[in-house]
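A.B. asks: So TrEMBL has the following annotated:
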type     : residues : note
SIGNAL   : 1-22     : signal peptide
DOMAIN   : 49-107   : domain 'Partial AB-hydrolase lipase'
ACT_SITE : Ser183   : active site, nucleophile
ACT_SITE : Asp353   : active site, charge relay system
ACT_SITE : His386   : active site, charge relay system
Amino acid sequence: MKTSDISASITLVILFFGLAQATRTKFFSVKSQNVTTKFAPEATDGICSSMVETRGYTCEEHTVTTQDGYILSMQRIPVGQSGGTPGNRPPVLLQHGLLMDGITWLLLPPEQSLAFLLADTGFDVWLANTRGTKYSRQHTSLSPGDPAYWNWSWDELVKYDLPATIQYVHDLTGQKLHYVGHSLGTLIALASFSKDQLLNLLRSAALLSPIAYAGQMTSPLARNAAENYVAEGLSKIGIYEFDPTGQGVIKVLKSICGKPGVDCTNLLTAFTGKNCCLDPSIVNVFLEHEPQSTATKNMIHLSQMIREGTITMYDYKDEDANREHYGQPTPPIYNMTSIPSDFPLFLSYGGADALSDVKDVKLLLGSLKDHEGDKLVVQYRDDYAHADYVMAENAKQDVYDPLMAFFKLQ
């Protein structure tokens, strides 16, 4: 069996396990699938043409190259659906989470999706796509078939991807940005802020399902994968790209989700916690575009956080290797108490979230206890889980409207 087949099979087993546990329905299993490696998309195939312009919005495709050679795709929605004059609108950068891409912010109808709402409210909207995702798979010297292409974790997103995208928008617009992150998009922002990086280019940040600490994460799939060293096992057998998008897997899941009486929001529940407010049809939309690849090394790094309850740089589990990379025997800590107390932050977290667990969020809030009172807004939604923040039918009223009001005050 090919290593890509093994990866697809493992992913399918995990997804089916979660779905079967949630629905108590027995499904057949697939032992192997042929997985087609994703290459750089055709010029005519992009997020603008497939997800934005079809909804009646102006959209621009941009690329930015990181200092370590990754060529990242970005999309800009400069004006709202009713048009208007571009320029002098406050820019806002939207950063997606793990195994997602910029389409995260476009899955809902225009009157419910955060990207479109921001554009219609007078913001200059930018979508980021991290390295390894469908539209950010190019590099100045490497291809996704090279193991070296996947030699990164979220440390490199903090060091390279986030600075490149923020600097690009700042330089092109001539303005400081607002920032919105979801899940992993909050982690890389918080890590950056803790090192006092990029804050001179930003007006404020909104963090949805914030993740800094992950030691009390309750997601059974994420915790079991971490505690059983699944990502480390994949790395040892030479799987450096963590790719959950084998076409056979997606085809089977879409087939199942299309059957009468099958609510595939349960598929997400097994990973994210019980989302309160998803339309069942959203899973089919999700499967049209997501999930996306990441580096297996990135999954190892996140697993370390879950097992150890720490927020440090990648641990090579060898003192000499750590010294080689960091000049010390243990990986450096990202100190959340170092985030400047006068930087405006909006945090929203959910009581049903199994990935951004309430106890872990409270650890983060404890680190921010000295934040200036008028610079920190904390919203708690008792019924929200992880996916609700980007796919809930009522997110506009419950989260996005307060978020946009916060931005307008900064």
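Any Cβ shown, glycine's included, is placed from N, Cα and C.
Small disclaimer: the values here were computed from a predicted structure and weren't measured.
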A.B. asks: In whole Å, how far is the residue listed as 'active site, nucleophile' from Asp353 (active site, charge relay system) when you measure between their Cα atoms?
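C.D. replies: Distance (Cα to Cα, whole Å): 11 Å.
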A.B. asks: For the C-alpha pair, I'd like the distance in angstrom between His386 (active site, charge relay system) and the residue listed as 'active site, nucleophile', rounded off.
C.D. replies: 8
A.B. asks: Within the domain 'Partial AB-hydrolase lipase' (49-107) only, compute the mean pLDDT.
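C.D. replies: Across the residues of the domain 'Partial AB-hydrolase lipase' (49-107) the model's pLDDT averages 94 on the 0 to 100 scale.
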A.B. asks: Which residue counts does DSSP yield for the domain 'Partial AB-hydrolase lipase' (49-107) in the helix, strand and coil classes, in that order?
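C.D. replies: The breakdown for the domain 'Partial AB-hydrolase lipase' (49-107) reads 12 helix, 21 strand, 26 coil.
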A.B. asks: Which residues does Ser183 (active site, nucleophile) neighbour through Cβ under 8 Å, counting only same-chain ones at least six apart?
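C.D. replies: Same-chain residues close to Ser183 (active site, nucleophile) (Cβ under 8 Å, separated by 6 or more) are His96, Gly97, Leu98, Met100, Leu208, Ser209, Ile211, Leu355, Ser356, His386.
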